[in-house]
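This report concerns only the one structure given below.
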Amino acid sequence: MNDKLVFLGLLYFVQGIPYGLQSSLLPVYLRGAGHSLTRIGFTKILYFPWVLKVLWAPLVDRVGTKRRWLVGTVSGLALTCLISAAIAPEAHIWGVAGTLLAMNTLASVQDIAVDGAAVGLLKGRGELGLGNTAQVVGYKAGSVFAGGGLLAVIDVAGWSWMFMLLTFVYAGVALFVWGAPVLDEETVRGQQADGSRKGGQGADAVRPWRVWRKLLAVPGTPWTVLYVLTYKLGEQGAVTMFPLFLLDHHMTARELGFWNGVIAMGFSICGSSLGGLLLAQFSIGSLMRRVFVLRTISMVFQSSLLTVLEPSPLMKGMAVLSMSVQHFLGGLITTLTFTTMMHCTQRAEESIQATHYSFLATLEVLGKLTFSALAGGVVDWFGFQVAFLFFLTLSAGTALHVWTATFTGALREHQLKDQPK
């Protein structure tokens, strides 16, 4: 089991590096180099491959083995970083954009392959919980490493040396994956599956709509689709907008960067880690019921702080407590959610498992990104207090959706206990 966690954690770590580069390091670096905020804002378009990954997921499912896809994509990331090291971002902004687009594309394909490998490697409720903890924590750690750690040393080391370091990191991980024994069984299964793919599954390659019908026919998929689209809506609005409220009334940008960017992220990682440990001891249904209720209560507390406009040490302390609790519960819920998605995917045929999981993961990203883009408009139109009442209503609705499912729907505990130990 430890070998599996190290393997998955390392792959998710390097998968989080492009996100950290683009979300934290690149805007600061480009702004310091004199680029306009409009031009920097256009870099968000480079996330687009993550939305499209479900389109090429069937290819990853049906061609080659997960080991080959992982080695190929991670090696491609190493090559892309080597090219980036030769580019001067001040003079070649479009070259930088091109390399980041390539990194996002390769990382999205890597995500399909590693998710497919995880679905096959993790068995039983305990392994699913710990494996998804490795996924969430590894990805966040990679993002913090690239967006925080490298940002702290880039002024000393420079752009080129930073990407040379990433080149060696990716090359080392590619070599590790090439020789990783945890994928030996997967390689044998892939060879055995080649013969079946030449038979009846060949028709699916010609008629891809058959694959989509199979995806939606997997038990629990309709409920899971609705869940992943909506479970973060209220929380995402609060996480995005509450720091801006504090910036307007109570905190400086530097204070907010420390408390929301460092301390709160630490609590998020702790929550994600605890989720895996709790899943090894308790059923996911009972955990999700309680955690979603706690999240709704924490949003009630945070919404009440919006009535306090006068700055004070007490208000700052309450705000920090609110953000820390919210990120802790958010991290815990993320681990529970990805475990639920993987459990649903394990009910699918092995030939479509990577596609099925990528389908759910794409919807999860779409739900969060869409609402993040709309949350600011809701606040501008109706104000913080009315907007947070709307966020709270969404959060309570999701809690009710989960509560109902644990008794009568896709999260019935006896279904999850049927997983092999």
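Positions of Cβ are set from backbone N, Cα and C atoms, glycine also.
Small disclaimer: the values here were computed from a predicted structure and weren't measured.
Residues or ranges marked as transmembrane segment in TrEMBL: 40-57 (among others).
If you look up TrEMBL, you'll see 69-88 (among others) marked as transmembrane segment.
Here the transmembrane segment (161-180) has long-range neighbours at 7, 10-11, 14, 17, 67, 70-71, 74-75, 77-79, 81-82, 84-85, 146, 150, 153-154, meaning same-chain residues at least 6 beyond its ends whose C-beta is under 8 angstroms from one of its own. Sequence annotations record features per position, and here TrEMBL assigns transmembrane segment to 161-180 (among others).
The transmembrane segment feature in TrEMBL is assigned to 258-280 (among others). Proximity of distant same-chain residues to the transmembrane segment (258-280), defined by a Cβ-Cβ separation under 8 Å and at least 6 residues beyond the stretch ends, is recorded for 125-126, 128-134, 136-137, 140-141, 144, 148, 243, 246, 251, 287, 319-320, 323-336, 339.
Annotation source TrEMBL lists transmembrane segment at 292-309 (among others). Outside the transmembrane segment (292-309), and at least 6 residues removed from its termini, the chain residues within Cβ reach (under 8 Å) are 234-235, 238, 242, 245, 249, 315, 318-319, 322-323, 325-326, 329-330, 333, 384-385, 388-389, 391-392, 395-396, 398-399, 402-403.
Annotation source TrEMBL lists transmembrane segment at 315-338 (among others).
Marked as transmembrane segment by TrEMBL: 359-382 (among others).
Marked as transmembrane segment by TrEMBL: 388-411 (among others). Residues 219-220, 223-224, 226-227, 230-231, 233-235, 237-238, 241-242, 284-286, 288-289, 292-293, 295-296, 299-300, 302-303, 306, 340, 344, 375, 378, 382 of the same chain lie 6+ residues outside the transmembrane segment (388-411) yet bring a C-beta within less than 8 angstroms of a C-beta in it.
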Chain residues in Cβ proximity to the transmembrane segment (69-88) (below 8 Å; excluding those fewer than six residues from its ends, i.e. six or more beyond): 11, 14, 18, 60, 95-96, 99, 102-103, 106-107, 109-110, 112-114, 117, 159-164, 166-168, 170-171, 173-174, 177-178
